[in-house]
Every structure is written in C-alpha cells, then in structure tokens.
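Per TrEMBL, the features are:
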type	residues	note
ACT_SITE	B:Ser29	active site
BINDING	B:Glu9, B:Asp39, B:Glu52	Mg(2+) binding site
SITE	B:Lys54	site 'Transition state stabilizer'
There are 2 protein chains.
Amino acid sequence: MAKKGTAEERDLVQKLWKMKFAAMRAPASGSATKHSIPDVIAGNGSIYLGIEVKTTIKDVIYVDSAQIDGLIEFCNIFGAKPYLGIKFKRTKWLFLKPENVERTKSKNYKIKKDYAIEKALELDEVLGIDKQIKF
Amino acid sequence: MAKKGTAEERDLVQKLWKMKFAAMRAPASGSATKHSIPDVIAGNGSIYLGIEVKTTIKDVIYVDSAQIDGLIEFCNIFGAKPYLGIKFKRTKWLFLKPENVERTKSKNYKIKKDYAIEKALELDEVLGIDKQIKF
C-alpha cells in the first residue's frame, strides 16, 4: 500500500511555491467532514490543481478507487485539475491524470513505475510551463 | 487576541460545502514552509476564496498586519479573493475584505462587532449568491 508521505507532500508544496504557485497541504486528520480532499491544492491564478500524493519504495502503487473518486469530485466542484502526484524512489515527481491510470479488476488504480516514467507528466508540464526548446 | 477556532473553521467549511463550494482547512501546524496560508480555501469553479478565520467572545478582534499581508500574498498568487471570516458570539459569519478593515496606529487590523454587523458581507454575498428579492 502506498504511504501518505508527509515529508514528500511538503517537498512538493515547496517545489510548487518555487514555480510561482501558491500551495497548501490538507490537514493530516483529513477534512473532518464526509468530503474527500486532495493532499495538496495549488493555484497560480489561471491553473488550479488538486493532487493526491502517493509515494513508495516499491515499483508499483495501488490506490483505492474511492480515494480517486473523492479527488475527482473535489476538483470538479472546486474548479481544479485532478492529478495523482507520484514519487517512486529515485524518480522525479510524476503526475498522472486519473483517466490515464490502469485499473485493476476491482477498479482500483494501479501505477507501475515503468509506466509512470514513460507516460506521466513532469511538474513543469503540469504547471503549464513549456519544456520545448525555444528557437 | 482572537482565537483560531478550529471548531468554527469546521463549521465554515461545512457551510461552504452546503453552498456547493469545495472547501478545505489549512493544516493546524501551518504550512511548514515560510509561506502564509489561509485558514480555509474554497472554490466553485468560478469563485475562489482564501479566508482567515477569527472568532471571539469579545466585541472587538485585533489581527496582526503580518497575518493579513500573508493572506493577501497567498490569494494574489493562488488566484483567490482574500477575506477575513469573522464570528462573534451570537452573530452569523461575517466577511470583510482586508481593505475595508480599520487599522490601528501600529497598522494592525481592528474589527469592532458593531462595524462588522453593519459593513460586513454575509456568506451568500461572498459566494456570489444574490440575496435581492426576485420579481
């Protein structure tokens, strides 16, 4: 099972601030309501992000579908793009849209390290910062 | 000095959800970064709010200017409207824009109960819900 990773959440929040986004972690105890909330929220006045943070030392991460349903619902109401923000050991931060994540037979989400490295977005791509070479 | 009021923050967050906003409290320990963060963030896809929550049983609330500077800075970067969300004993939630709050000689913010009752917005006004009578 993927760990919550408070230290990693803090690292992500700091990276977001450096990229000129205002960012905030969710309370450790959750929302104290019935509503799911993302681990991290960020915005820069035009892009708003809700990020479910998962970190692991293994090569695969499983995430309960209920958790992602909650992320998507929050983001739909709030007005934010939902992302899974994933940190494997010795990878950068990798970001996947929920719809691009493989599902198990029981409809939970399964993210393999190799797949994430190949398919996921990096932070500056998620933040709308063009990585193309400028001529 | 105004109390933080975790119970009141939760109450406000629940009211926001009932009004079709997605809302989240800040972590109790703050952001663990040097950046100030609002007590509550909320959004509905078109309106985004950063709210500094203050509650008191007295008839006046003082707020340090540094705290409001932090609120405004966060909201400017995030893309949200900054508000002081104030709860006096036996009043509804009252909302003031920082620029509409009286300052002391030392530039801190001072909110008298009578002034707030007269001048502050109520929650549905802040959320863009028109209270005018519909013909």
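Using the three backbone atoms N, Cα and C, a Cβ is placed for every residue, glycine included.
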**Fill in**
Same chain, |i - j| six or more, Cβ under 8 Å of B:Glu9 (Mg(2+) binding site); the result in sequence order is B:Arg25, B:Asp39, B:Val40, B:Val53
**Asked** Far apart in sequence but close in space: which same-chain residues, 6 or more away, have a Cβ under 8 Å from B:Glu52 (Mg(2+) binding site)?
**Response** B:Pro38, B:Asp39, B:Val63, B:Gln67, B:Ile68, B:Leu71, B:Pro82, B:Tyr83, B:Leu84, B:Gly85
**Prompt:** Helix, strand or coil: which one is B:Glu52 (Mg(2+) binding site) in, per DSSP?
**Reply:** strand
**Fill in**
Lowest 10 Å Cβ neighbour count of the recorded positions B:Asp39, B:Lys54 is held by B:Asp39
